[in-house]
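Okay, structure first, notes after.
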Amino acid sequence: MPFKLLLLALIFCSAPAFAIYKCESGDKIIYSDTPCQGDKTVSMKEIAIAAAASDNGAAQKQLQQDKKELQRLQQRREKQQTQDDRQQAKRYKTAETKKQKCAESAQRVQWAKEDAASAPTKSSERAKQKARRTTEKHQLSCGSA
């Protein structure tokens, strides 16, 4: 896309025509863009660079189409970027929530283990079972003990 715009700018800013002179000096032939000085001019050719009027109109039309396409692509890119930013923020929030829940679960596991260790003999079996279940629940939801 930028290449087309650059090409159009070069076409519009270029000189309308260049002349190439073929000069003969003794045994040598020299090509130059300035007229021969004292040497014999063998031939002269005009090279037209300027675009025809119809080409100029077509180039203007193409330029307008390219500008519209560029604007459309930029809007699409901005919309996609906004959507990506929203999704990333949502994923970050979800990850933070899970991290918080896992930290709370790990704390409950730690407390259950402490309770099981300090439980009286009569209720120690029940406290150990509660600690095991709390650990299993934590492993299911967070993947580690």
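Glycine is treated like the rest: Cβ placed from N, Cα and C.
Features reported for this protein in TrEMBL:
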- 1-19: signal peptide (SIGNAL)
- 55-145: region 'Disordered' (REGION)
- 64-102: compositional bias 'Basic and acidic residues' (COMPBIAS)
- 123-139: compositional bias 'Basic and acidic residues' (COMPBIAS)
Structural state census, the compositional bias 'Basic and acidic residues' (64-102) (DSSP three-state): 39 helix, 0 strand, 0 coil
Structural state census, the compositional bias 'Basic and acidic residues' (123-139) (DSSP three-state): 16 helix, 0 strand, 1 coil
